[in-house]
Amino acid sequence: MTQTKKIYISDVTLRDGSHAIRHQYSVEQARQIAQALDEARVDSIEVAHGDGLQGSSFNYGFGAHTDLEWIEAVASVVKHAKITTLLLPGIGTVHDLKAAYEAGVRVVRVATHCTEADVSRQHIEYARQLGMEAVGFLMMSHMTSPKALAEQAKLMESYGATCCYVVDSGGALGMNDVRDRFRAFKDILKPETQTGMHAHHNLSLGVANSIVAVEEGCDRVDASLAGMGAGAGNAPLEVFIAAAERLGWNHGTDLYKLMDAADDIVRPLQDRPVRVDRETLALGYAGVYSSFLRHSEAAAAKYGLKAVDILVELGKRRMVGGQEDMIVDVALDLLRQREAASL
C-alpha cells in the first residue's frame, strides 16, 4: 500500500457496539457519540440495532429505541460522515431500507452468512435503485475457505455491491487467514470493486488483522470507539488509527478526538467491560459468533453453568448468527449431561 492512499474509516460503535450494552443506547447517547465521531472526521457512521434494521426482537433482544429514532438522532448532528446501516435479509426488508434512506442513510451493508450471498440480491439491487451505496458483508468469514468466500463476494458484486467485506464475526481469523482471503478477493473481483475488513478482538488480533488487510490492498476498515462491540469488541478505532499514524498511512481522522471520545463518552457506558477475558477468548478460540456472548452468559446464570462451556459447545455445533434461540437448547443439553453424570 502507498502512503498516499486514503483508508476509508468506517465506525461501527452505534451498531456493533450496541451488542455490548444489549442495544440500550439512548437517543442522546447516539447523538453525542455521532457528533464526536463526525468531528473526528471518520468517513461513515453505522447506526442500527446490533443485528441490523428490525433486529429488535425476542430472538436478538429488544432495543431501547427503534432504528429510525437512532438514525434520525444521528442525522441531526452529522455534517461530514456518511450515515450507514446494516441489513440482514430475512430480518430487515426493502421497506425498512427505504425508511432508513428517507431518514438519512446513504450506505447499506447487506449481511449474510459467508456461504449465503445469494439471499442478498433483492436488497442490494433495491439499495442501488434508491441511489444508495450497497456493500456486501460476509459474516463468519472463518467458516469457509478463501476461494469459496471470494466466490460469494463475486455474487454480491454481480448484484451491484461496490465493496465486499471479510467479516470476522467470531474473531477467529489469524493474520495469514486474513491475508489469504484478501488475496482471493483480489484474484476474482473487478479492480474497481473495493474491499473491507471487519475484525473482532477475541484473540486480540483485531488491529493486527486490520493492518494486514490494508497491507493486502483493503480499502475500508471497520472499527469502534474503545472497541465497543460484540464479544471482546471490534478493532478499537483509536488504537487502529494510532497504529496507522505510526505507519505513515493516510486515514484523515483526528486521533486525539477519537481517544477522548473513547474514554470520556463510550467506555463509561459499558456495563460489562469490553475486553479479552475467559468468555470472550472462548468465542475466538471456538469460532463462535461474537454476539452470542451476552445470551450465553444469561443462559449460564439461569441454569448454573459456565458460559465458556456453552460457548465451546456452540462452536462444536458450528452455530451461526441467527441461531440465538439454540443457546438455551445447548444449555439444557449440558445441564442434562451434568445431571446424568452425577447419578
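Backbone N, Cα and C atoms are what each Cβ position is placed from, and that goes for glycine too.
As annotated by Swiss-Prot, active site, proton acceptor applies to His19, with the evidence given as sequence analysis. In the three-state DSSP classification, His19 (active site, proton acceptor) falls within a helix.
When Cβ atoms from all protein chains are considered, those within 10 Å of Asp16 (substrate binding site) total 29, not counting its own. The feature substrate binding site is assigned by Swiss-Prot to Arg15, Asp16, Ser169, His198, Tyr289, with sequence analysis given as support.
For His200 (Mn(2+) binding site), the Cβ neighbour count at a 10 Å cut-off comes to 31, with all displayed protein chains included. Annotation source Swiss-Prot lists Mn(2+) binding site at Asp16, His198, His200, citing sequence analysis.
According to Swiss-Prot, the domain 'Pyruvate carboxyltransferase' annotation covers 7-259, on the basis of sequence analysis.
A C-beta separation below 8 Å, combined with a sequence spacing of at least six in one chain, links Arg15 (substrate binding site) to Glu46, Val47, Ala48, His49, Gly50, Gly52, Thr85, Leu86. Taken from Swiss-Prot, the feature site 'Transition state stabilizer' covers Arg15, and the record attributes it to sequence analysis.
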Distance from His200 (Mn(2+) binding site) back to Tyr289 (substrate binding site), taken between C-alpha atoms, in Å:
10
Across all the protein chains here, work out how many other Cβ atoms are within 10 Å of the Cβ of Ser169 (substrate binding site).
32
For the recorded Mn(2+) site, enumerate neighbouring residues of the same chain (Cβ within 8 Å of the Cβ centroid of Asp16, His198, His200, site residues themselves excluded), in sequence order.
Val12, Val167, Asp168, Ser169, Gly171, Ala199, Asp222, Ser224, Gly229, Ala230, Asn234, Ala235, Ser290
Would you mind reading off the Cα separation of Asp16 (substrate binding site) from His200 (Mn(2+) binding site), to the nearest angstrom?
10
Cα distance, His200 (Mn(2+) binding site) to Ser169 (substrate binding site), nearest Å?
6
I want to verify one value. Collapsing DSSP to three states, which class is His200 (Mn(2+) binding site)?
strand
Tyr289 (substrate binding site): tally of other CB atoms within 10 A of its CB:
28
